[in-house]
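Feature list (source: TrEMBL):
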type     : residues : note
DOMAIN   : 1-282    : domain 'FAE'
ACT_SITE : Cys138   : active site
ACT_SITE : His217   : active site
ACT_SITE : His305   : active site
DOMAIN   : 306-365  : domain 'Chalcone/stilbene synthase C-terminal'
ACT_SITE : His309   : active site
ACT_SITE : His338   : active site
ACT_SITE : Asn342   : active site
Amino acid sequence: MLHYECFKGKDERKLDTETCAKVVERNKHLGLEEYRFLLRTMANSGIGEETYGPINVLQGREASPTLLDAYSEMDEIMFDTLDKLFHKIKGFVSPSDIDILVVNVSLFAPSPSLTSRVINRYKMREDIKSFNLSGLGCSASVISIDIVQRIFETRENAFALVVSTETMGPHWYCGKDRSMMLSNCLFRAGGSSVLLTNAARFKNRALMKLVTVVRAHVGSEDEAYSCCMQMEDKDGHPGFLLTKYLKKAAARALTKNLQVLLPRVLPVKELIRYAIVRALKRRTATKRESTSSGIGLDLKTGLQHFCIHPGGRAIIEGVGTSLGLTEFDIEPSRMALHRFGNTSSGGLWYVLGYMEAKKRLKKGDKILMMSMGAGFESNNCVWEVLKNLDGKNVWEDSIDRYPELSKIPNPFVEKYDWINDDTMSFIRV
């Protein structure tokens, strides 16, 4: 990895408490109970006051988005990150040097494709290999990296760009189904661009080296397949459904993934210790004890940092508990969720940016990136840091306020404390 850039919107695009409440109030399909549900979800989401929203929602046009809204949102995110990236690498890599281009956006697949849009803007070569991915959810960035890695195996001295983002504006849910309201509370505008190469002459310039990629898919299970799905509610309002089976599907997919990935990156000594301890527990522990939480492996023996997809507070804390991680380990993901929200496939790079801004990444450290997405699937990869990293990035203007900022009471709770008053449940509009 030679360089990466994350998108940061303008101040007028921020979705603060007051703006979010106004968006909720505009939905005339909501009763008091749905209104309370939305506010309560926002209060418990772990998202702060500075996330960025799509322009049509901020302008009050969420119920009538246009194709131009989708294009404008994509152009802003993709071209902002790519312009900054090409500026940073100017002098040794230009747009005409790019051999492989992968763009992933789950909910928007126009014609011509978004890769064609990028190629046209930067006047890239005629023989460039382009891949436009859709429908892969929040884990599409790691899938894109896996595609690049496989092409690198057959092509020497190549450069690749991976652009990861999502379009929020045209898919804002305007109905009252609670399972479909969640996406409005969690997802925000954002994205990233990453430059990769397998040219040995650029090793001294590289930030990190890819160690391994593992992909797991449990979509053969009907419940796992349908727990994250784009659909219409019973009233015909399009949106994104998140069911209660999501947690179980995520756990199953992540388990399948780590069973393959961890033996590749953890020392043999730790694997042997784990096997012996597990065998002894099976002999002596009761059935209840044997189902205790935690995987039993000390991940810190082979991994120093953990990039958990900032999909929501419950996901971050659940993965942290299951893997035996500390508050320090999950802090980057929690802070990325607070500052930027769930930016879908680009979210992992905001977490990585936090680690770099905090000067945590030292030469030789290994980073586990964990992502989950619709399908249902879990796609993880491990990077090795090649130099001490302390570059300026998207966190530059706010890193000094974190993690202290997380201790400030949630603004939604402060302004809408009545949402937890159970007596309100007896009132019907």
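Using N, Cα and C of the backbone, Cβ positions are placed for all residues, glycine too.
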For the domain 'Chalcone/stilbene synthase C-terminal' (306-365), the mean pLDDT of the predicted model: 95
Go through the active-site residues His217, His305, His309, His338 and tell me which ones have a CA within 10 A of the CA of Cys138 (active site). His309
Would you list, in sequence order, the active-site residues among His217, His338, Asn342 whose CA lies within 10 Å of the CA of His309 (active site)? Asn342
His309 (active site) has how many other Cβ neighbours within 10 Å of its own Cβ? 32
Find the shortest Cα-Cα separation between His217 (active site) and the active-site residues His305, His338, Asn342, and name the residue that gives it. Asn342
Please report the Cα separation of His305 (active site) and Asn342 (active site) in Å, rounded to an integer. 20
Comparing local Cβ density (other Cβ atoms within 10 Å) for the active-site residues His217, His305, His338 points to His338
To see if you understand the setup: which same-chain residues, six or more apart in sequence, place their Cβ under 8 Å from that of Asn342 (active site)? Cys138, Leu186, Phe187, Arg188, Pro310, Gly311, Gly312
